[in-house]
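What TrEMBL says about this one:
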type: BINDING; residues: Glu69, Asp86, Leu88, Asp89, Asp214; note: Mg(2+) binding site
Amino acid sequence: MARSALLNVMVQAAVKAGKSLSRDFGEVQNLQVSVKGPSDFVSQADLKAEKIVHDELMKARPTYGFLGEESEEIIGTDGAHRWIVDPLDGTTNFLHGIPQFAVSIALERNGEVVAGVIFNPATDELYTAERGGGAFLNDRRLRVASRRVLSDCVIGCGVPHLGRGNHGKFLVELRHVMGEAAGIRRMGAAALDLAYVAAGRLDGFWEVELSPWDVAAGLVLIREAGGFISDMKGSTNIFESRSVVAGNEHIHKALLEVANRPVPTR
Ligand code: IPD
Ligand code: CA
Ligand code: CA
Ligand code: CA
């Protein structure tokens with residue numbers, strides 16, 4: 001597997017931030033935590049990891065823009081390129097000592113995501129993808145799962161916080177998928193959920209109210225692993241609509257159909 005110079009920069013940044021997260025994970029009870037909104041926390045670990053990623057990426061490409069979850073967006077002088085970074089995806093897991101969290105870094109060129117890296121330092125799993133170059137977990141080439149019917153599938157989802165997003169619609173979707181799929185998982189780190197779809201661990205995934213940094217790297221991983229990813233309406237305007245549905249051709253279609261069933265009014 002040959003990685004481009006840019007992908008190497010992204011990998012280095014993710015691994016360096018991952019080391020910082022691993023150290024903080026060992027001392028999680030001593031971290032300062034603040035609350036940004038309902039069920040939305042940020043800790044010193046998030047901020048440190050974002051600074052590491054920012055410094056590494058900007059050192060390598062000072063003219064690129066930078067969109068990170070925990071800082072003001074930097075508009076690049078380059079105009080064509082933007083880094084999209086979640087320094088710690090799965091903060092709630094992290095703060096509870098659950099080793100399901102990751103650093104997620106994507107590179108956008110002229111509005112298209114062209115490379116993505118997702119690194120879980122707790123399991124030492126490094127997911128990488130570049131447009132046209134395939135998707136990998138460490139050195140292993142990835143392919144989405146091949147199951148064709150929901151009744152054989154394990155499907156991941158996100159659970160919108162009560163009072164945020166359309167909770168009622170989610171419960172209807174959940175009831176449908178629960179009735180039709182072999183199993184449901186709520187793992188708590190959207191970037192890793194998407195990486196799991198690329199790796200064929202999850203057959204499909206859906207979630208609403210996501211931000212670009214939650215999905216950007218996963219998007220290219222899934223496409224490069226032969227999967228399909230769209231918003232709830234089937235469009236590729238994922239960053240605008242903030243929703244995501246993913247899987248192989250068949251499961252993506254089945255989940256879209258579930259998500260677009262009419263919601264009973266009572
Ligand atoms: C969150 C996680 C979670 C998802 C939330 C995200 P964060 O990201 O990805 O799985 O359900 O919507 O905000 O805040 O831990 O980076
Ligand atoms: Ca957050
Ligand atoms: Ca996130
Ligand atoms: Ca985050």
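Here the Cβ of each residue, glycine as well, is placed from N, Cα and C on the backbone.
Automatic prediction, not curation, is the source of TrEMBL annotations.
DSSP assigns Asp214 (Mg(2+) binding site) to a helix. Counted within 10 Å of its Cβ, the other Cβ atoms near Asp86 (Mg(2+) binding site) come to 32, all protein chains included. Reduced to three states, the DSSP call for Glu69 (Mg(2+) binding site) is coil. Shown in sequence order, Val85, Pro87, Gly90, Thr91, Ala102, Ser104, Ala189, Ala190, Ala191, Ser211, Trp213 are the same-chain residues outside Glu69, Asp86, Leu88, Asp89, Asp214 whose Cβ sits within 8 Å of the Cβ centre of the Mg(2+) site.
Cβ neighbour density within 10 Å is lowest for Glu69 among the binding-site residues Glu69, Asp89, Asp214. Long-range Cβ proximity for Leu88 (Mg(2+) binding site), meaning a same-chain Cβ under 8 A and a gap of 6 or more residues, is found for Leu21, Ser43, Ala45, Asp46, Ala49, Glu50, Phe94, Phe101, Ala102, Val103. Asp86 (Mg(2+) binding site) falls within a strand when secondary structure is assigned with DSSP.
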